[in-house]
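S.K.: Mind looking over this structure? Questions follow.
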Amino acid sequence: MEIDILSLFPDYFASPLQATILGRAIKQGALSVRSRDIREFGLGKWKQVDDSPYNGEGMLLMAEPVVQAIRSIRRKKSKVIYLSPQGQLLSAKKSRELASCSHLVLLCGHYEGIDERALTAEVDEEISIGDYVLTNGCAAALVLVDALARFIPGVLGNQESAEYDSLENGLLEGPQYTRPRVFEGESVPEVLLCGDHQKIADWRKQVSLERTRERRPDLYLQYFYGNSACLSTQEDLPRIEVVSPKTFSVVLEVQDLRKAKKFYSRMFGKECWDGDKLFLLGKTSLYLQQTKETRGPTTVFIELETDHDFVRFLKRWEILGGELGEQGTGGFPLRQVFDLDGHIWVVSCVQK
């Protein structure tokens, strides 16, 4: 695999790409990484690559030098990636996907960013390594190279180790132990010494689930949702309890009352209805009002009792034709969903 990195600081990558596993992989020919200076394509005598933006402060990389730099190395099957906090969050799945590419061009941002016209013209995808801003995109490029390199045959000494690392199967990796058997009075779990590979595998899976639920509930719920049995009929959908300590009523404007009522009947149960009024729980009520043109989406916040209810709610919503939106960040089980009329439901569950 070949990777070209475009930045204003090509020397930034010298040490990381010469040492550790990446350096060994490059020496052995499993991976080729080249760092190129965007200033080589700068304009005029002074090789200008940046200018002040029209609509803000600071400096911005100009479109022409960036476009020329990309086109000088781009091939027919190249994939150009811009490292940006606005991009898709990097994951193990995305890293594995990128590792199958024959040639990647990684574009590092600098200053306040890059002229949008360069991104529109040449960039195939934007990737972020997290919800924070760095002084430049060089560190992000290194993170991406390191993450995807693990999935390139010949880079790791033991390729199987990549399959058991944290997040590879959507869960955090469980605890690891080596010699001595007892350290400061604490012993290695007996199951790891029994020699029964199936018992060990079951133990690893269980502690992995427990650790993920404790430390990353967002990942746990995502894993649980993706691996839960598919629900196909109304009878398969158990009742979901909604937490509502306060009194409130919500009016939703719908274009087809019969269709909307059917959707919510299957979501929350027919026994909850009184005419066009839906009782979610206790004093909480939802009114459906038919209108030819709605005044825009209404946002409803709903909190569920357990993480199992949270997963079932999302599964049921999707099966009945609702749309799943963005997943919350920061480890909190939160999801935005849309009903048949475009109204927004922000769904969460109680934190215990």
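Including glycine, each Cβ sits where the backbone N, Cα and C put it.
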S.K.: Swiss-Prot records Ile129, Gly130, Asp131, Tyr132, Val133, Leu134 as S-adenosyl-L-methionine-binding residues. Which of Gly109, Gly154 is assigned to the same site?
M.R.: Gly109
S.K.: Out of Gly109, Gly130, which of the binding-site residues has the smallest number of neighbouring Cβ atoms within 10 Å?
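M.R.: Minimum Cβ neighbour count within 10 Å, taken over the binding-site residues Gly109, Gly130, occurs at Gly130.
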S.K.: Enumerate same-chain residues with a sequence separation of six or more from Val133 (S-adenosyl-L-methionine binding site) and a Cβ-Cβ distance below 8 A; give 'none' if the list is empty.
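M.R.: Val133 (S-adenosyl-L-methionine binding site) has long-range Cβ partners Pro85.
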S.K.: When a 10 Å sphere is centred on the Cβ of Asp131 (S-adenosyl-L-methionine binding site), how many other Cβ atoms does it contain?
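M.R.: That number is 9.
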S.K.: Taking the centroid of the Cβ atoms of Gly109, Ile129, Gly130, Asp131, Tyr132, Val133, Leu134 as the S-adenosyl-L-methionine site, which other residues of that chain lie with their Cβ within 8 Å of it, listed in sequence order?
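M.R.: Other same-chain residues near the S-adenosyl-L-methionine site: Pro85, Ser128, Ala140.
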S.K.: Counting other Cβ atoms within 10 Å, pick out the least crowded of the binding-site residues Ile129, Leu134.
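M.R.: Relative to the other binding-site residues in Ile129, Leu134, Leu134 has the fewest Cβ atoms within 10 Å.
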S.K.: Sort Leu134 (S-adenosyl-L-methionine binding site) into helix, strand or coil using the DSSP assignment.
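M.R.: The residue in question, Leu134 (S-adenosyl-L-methionine binding site), is coil (DSSP, three-state).
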S.K.: For Tyr132 (S-adenosyl-L-methionine binding site), which residues in the same chain are close in space, meaning a Cβ under 8 Å from its Cβ, but six or more apart along the sequence?
M.R.: Pro85
